[in-house]
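What follows is a set of notes on a single structure, which appears directly below.
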Amino acid sequence: MPAELTFVAPRRTPPPRHLADLDPQERRDAVAELGEKPFRARQLAQHYFGRLEADTARMTDLPAASRERLGEALLPQLLTPVKHVTCDNGMTRKTLWRAFDGVLVESVLMRYPDRVTLCVSSQAGCGMNCPFCATGQAGLTRNLSTAEIVDQVVSSARDLARGTVAGGPGRISNIVFMGMGEPLANYKRVLAAIRRITDPVPDGLGISQRGITVSTVGLVPAIEKLTAERMQVRLAVSLHAPDDELRDELVPVNHRWKVAEVLDAAWRYADTTGRRVSIEYALIRDINDQAWRADLLGRLVAGRLAHVNLIPLNPTPGSKWTASRPEVEREFVRRLRSHGVSVTVRDTRGREIDGACGQLAASGA
C-alpha cells in the first residue's frame, strides 16, 4: 500500500500579519488603515529589508508616536531563535526557531569562500513521507506563512551583517528552499516569499533570482505553474531513483506522478526559463547505487539542460539505510559522465549537527 501523503496542511490559527506578507501596495493600504501617511510604508520597508532592522525603537526617522503602533501592527515577532548549533569552525550554523504558536522549524546558514547560502524551511514538517528523510517521517504540522519564510532570511542576514557569524560581516548570496517541507505544496506563500527576497530594496531584499533554488519531490502541476511564472530561480528535483519501481518506495509521491512525468515537467521548466535543472539523487548503499541505475539515470538526463547532484545519504535516527561505499560512489559518477552528464557529489555541510539534507527535524529544543 502506498505511503500516506499530505498535500493540504492542517488548519491552524494563522500567524499575525507582518510587513513581509504584503506587497508594496498592500503595505501602503495597511499603513493608511492605521491612520499613518502611506509613505511610512516605504520607510518601514527600508528599515526591515534594507537595514535588516525589526525593532521600531531604532527607527528614529519615524515619529515616536507612530513607532509602537506600526511595530505592533506590521512587525510582530514571528520567529524566536531557540538555539544555534555550529560546525565547520563556525562556518555552518543551524538555527532552531520557535514560531508564535510554539511550532519549531530550522534553517541552516553555510559560509563558503565565494558565497553564503541559507537553507530555509517552507513548512513545519513535511507531508511527503519519504522514508529516508527525518523531516518527512515527522509528518506535516502546518505551512509557514510568507513572512515566516522571509524572516528566516532577514534574521540570518542581520546576524551575518553584524558579524555575529564566524568569518566576519557578510551578505547572503544564495537561498535554497531545501529545509523542512515540500516548497511547492505551499506554493502561494513560497512564491510570495521569493518575490520578497528578490524584489529590489526597499520592496524586498534584492537577492538575485538566479541565486534562489526551489526543490520539489515532483509535484507536476506546481512545477508547471512555476514554469509559467518565468522566473529565473533554479528548480531542483529530488529524484533519488531513475525507475518507478524503486522511486515508488523512496519517494511515495511517485505513485501520483511517475518519473517520466516529473522529468518531462522539469525539462519544460529548463526549456522555458533557460535555467539548468538540478537532479538531486541521494546515494543509498545497495538500494539505488547500482551501476545499471547510474546508466539509466544517465540516459534519462543526457542531452538535457540539467546537472546531477549526488548526495551521500545523511544518517537519520532509526534509519535502516546508509551512504554508498566510496568506490561505488566513484563508479556511479564515472558512469554518469560516460553519458555526457554533468555531475558533482555534494559537499555535505552540517552532518554533525543534524543540519544536512534530510536531517532537519526541529528536535532538541
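Cβ atoms here come from the backbone N, Cα and C positions, even for glycine.
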Starting from the S-adenosyl-L-methionine binding annotation in Swiss-Prot that includes Gly181, Glu182, Ser238, Leu239, His240, Asn314, which of Ser156, Ser215, Ser338 is the extra site residue? Ser215
Average pLDDT across the domain 'Radical SAM core' (112-352), rounded to a whole number: 95
Measuring Cα to Cα, how many Å separate Ser238 (S-adenosyl-L-methionine binding site) from Cys130 ([4Fe-4S] cluster binding site)? 11
The sparsest Cβ environment within 10 Å, among the binding-site residues Cys126, Gly181, Glu182, Leu239, Asn314, is found at Asn314
Cβ atoms near His240 (S-adenosyl-L-methionine binding site) (within 10 Å, other residues, all chains): 25
